[in-house]
Amino acid sequence: MTGSTEDLTATPVIARTAVRLPEFISTDPELWFAMVEGSFTGNQITSEKTKFGHVISALPSRFATEVKDIILNPPPTEPYTKLKTELIQRLCASQEEKTRQLLEREEIGDRKPSQFLRHLQNLADTSISESLLKTLWVSRLPKCIQVALAIIKDKSLSDLASHADSIAEASRPVASQVSEASNSRPDDRLAARLTQFAASLSQEIASLRQEIHTLRESRSNSRTRSPAPSRFRQRSRSRQLTVTH
């Protein structure tokens with residue numbers, strides 16, 4: 001009696017009722033399988049073959065093709081576990097590749113590096129690793145920022161974004177001037193130089209006028225103080241005349 005009870009306990013349970021599985025989540029198959037296994041537990045399903053059958057019947061055709069080889073030739077042992085492992089791995093790799101291709105088309109434009117990073121994070125969601133996201137983000141930044149960030153080690157992605165913002169802000173005027181110079185026509189550059197020269201010349205003239213004005217005021221003040229020495233000379237002459245007399 002005891003032996004028969006143990007045999008019944010060891011035998012996988014096959015459900016006699018239909019199991020309703022949640023809709024497949026292609027962006028997060030790992031979460032979907034966790035939900036599926038919750039349904040299996042609730043319905044006391046432990047047989048690998050039964051689980052395998054329920055899962056392949058719930059898979060949309062476009063995702064079933066990802067594990068076509070396993071569906072057509074189920075493993076003799078643990079078919080459900082093998083199907084689960086391969087489907088998660090293949091779909092995640094496929095999704096990551098699609099996301100990578102999507103992110104590679106994105107450009108920073110006039111956004112700050114931190115804003116561009118948040119933009120990529122929103123596009124990537126959770127389907128791409130942080131290390132790959134970092135690589136894609138840095139590769140889209142201006143070369144001067146890429147070089148500066150390469151020196152910074154052991155920093156989180158958010159810290160790197162803050163550093164990148166500071167570098168971008170510090171280098172913005174220089175980059176702006178270079179961009180304007182490269183995009184302008186020869187006539188425009190000549191006109192800009194003439195305008196700059198005229199402004200410089202005007203400043204020099206204004207400076208010279210100020211110096212002349214200051215010099216004139218200085219001379220005027222010296223003339224108003226000149227009578228005192230004249231009176232001193234007159235007194236000296238009068239004294240000489242008195243002695244002579």
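Here the Cβ of each residue, glycine as well, is placed from N, Cα and C on the backbone.
Record features (TrEMBL):
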- 21-104: domain 'DUF7041' (DOMAIN)
- 168-187: region 'Disordered' (REGION)
- 174-184: compositional bias 'Polar residues' (COMPBIAS)
- 215-245: region 'Disordered' (REGION)
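Under DSSP, residues within the domain 'DUF7041' (21-104) fall into helix, strand and coil as 63 helix, 0 strand, 21 coil. Mean model confidence of the domain 'DUF7041' (21-104) amounts to 89 (pLDDT, 0 to 100 scale).
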